[in-house]
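Below is one structure, written out as C-alpha cells; comments come after it.
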Amino acid sequence: MQTLTIIRPDDMHLHLRDGDALKAVAPYTARQMGRAVIMPNLKPPVVSVADALAYKARIMAALPEGSAFEPLMTLYLTDQATPALVREAKAAGIVAFKLYPAGATTNSDSGVTDLFKLIPVLEEMAKQGILFLVHGEVTDPEIDIFDREAAFIGRVMKPVLAQVPNLKVVFEHITTAEAARLVLEAGDNVAATVTPQHLLLNRNDLLVGGVRPHHFCLPVLKRETHRQALVAAVTGEKAHKFFLGTDSAPHAKSAKENACGCAGMFSAMTAIELYAEVFEKAGALDKLEAFASKNGARFYGIPENTDTITLVKQSQTVPASIPYGDGELVPMRAGGEIGWTVQY
C-alpha cells in the first residue's frame, strides 16, 4: 500500500470560531496540524492584544489533553489601528494583522474602509516584521462578485505594495489566475495561501444541477481556468510562494441550508487528505510537503515542525455531518470518498 510521510503540516488560514463551536472543531485541526494562523473575525472581532491572548487561552482549553498544537494569533485590522498597536502586538507574539475590507465576508462589518489612510500602520508592520494578511476583494456594489479579487489587485494591492515595498504580505485564499500571477511576479515579500476547495472545485460545483450551499464560500468559486491556474501555481517553478491555508470556516447546517446561507466550507476534518488528492492528480505528490509543511513556516520565519504525519493511499468516506454545538456541521466532501487517509 502506498504511503507518504511528510513533516507535520501547518494551516496558515483557519477559522476556529468560539464557545461550543470552537470545542467542536478545534480537535480536528489539532490532530493533523502542528500550528494554525487563527483568523480574528469573531463577534466582536479580535482587535486588541488582550482580545487575542484571551482567545488563545480559550483555544488551548478546547484542545484534546496532551495536544502539542499551537495557535498563531492575529489581530483584526480596523480604521482605528495605530503604529503603537503594531508594536504592542509584536511584543506579545502576535504574528499578523488581517485585512477585511468592510463588508467583504463573514463578520467583516468592522473592517477597513480606506486602507490608504493606514499606510503609517503598514509601515510599522514592515518595520516590526509583522505580516499583513489580506482578504483581497473590493466591496463596491457595482463590481461583479466574480471580479472582486481581480479588481482588488489593481485598485489596492499593487498601490499598497508600491507605497510599502518591504511589507510582508499574504494574499489569502487566492481564487484567480490574476492573483496567482501577482504573487508569481511580486518580490519574495509576497506569498499566498490556497484552499482545498479552490484547488478542487469550480463554480459549476456551486451552481450546476441545483445550488450547492455547502460549496458556497468567499471568495466565491471561480471558472475552471482559474482552478487550473492555481494548481499550476502551487506545483510550478515558484511553488515556494504558495502554502496551505484551508480557510476552513464552520457554519451550522441550518445556517448554510438557508434562504440567505452563510459563506464558508469546513475542511479541517480531512484537510491534508484533500490537498494530497490535488497534488496526486497533478502528478506532483513530491511537492505536497513543501506546500503543506515548509513554505508557510519559512515565510512566517518560524521553524518547521519536528514531527511527521503519514498518509496512506486508502479510501475513506467523509461523514454526512458531525455534531456542532446544538446542531450539526457538514464537512467538505460530506458523504463522499477521499482516496487518502491519515494514520493516527
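Any Cβ shown, glycine's included, is placed from N, Cα and C.
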Exercise for the section: Out of LYS90, LYS98, LYS117, which one does Swiss-Prot list together with HIS135, HIS173 for Zn(2+) 2? Expected result: LYS98
Fill in the blank from the handout: According to Swiss-Prot, HIS13, HIS15, LYS98 bind Zn(2+) 1, and the residue from ASP188, ASP205, ASP247, ASP286 that belongs to that same site is ASP247
Handout entry: HIS13, HIS15, LYS98, HIS173 screened against LEU218 (substrate binding site), Cα within 10 Å - retained binding-site residues
Key = HIS173
Practice task
Compare the C-alpha of ASN41 (substrate binding site) with the C-alpha of each of the binding-site residues HIS13, LYS98, HIS173, and give the closest one.
Solution key: LYS98
Fill in the blank from the handout: A correct count of other C-beta atoms within 10 Å of the C-beta of HIS173 (Zn(2+) 2 binding site) gives 26
Practice task
Indicate whether HIS13 (Zn(2+) 1 binding site) is helix, strand or coil by DSSP.
Solution key: strand
Practice task
Look up ASN41 (substrate binding site) in the DSSP assignment and reduce it to helix, strand or coil.
Solution key: coil
Completion exercise
Simplified DSSP label at HIS135 (substrate binding site) comes out coil
Handout entry: Cα-proximity to HIS15 (Zn(2+) 1 binding site), 10 Å cut-off, over recorded positions HIS173, ASP247, ALA263
Key = ASP247
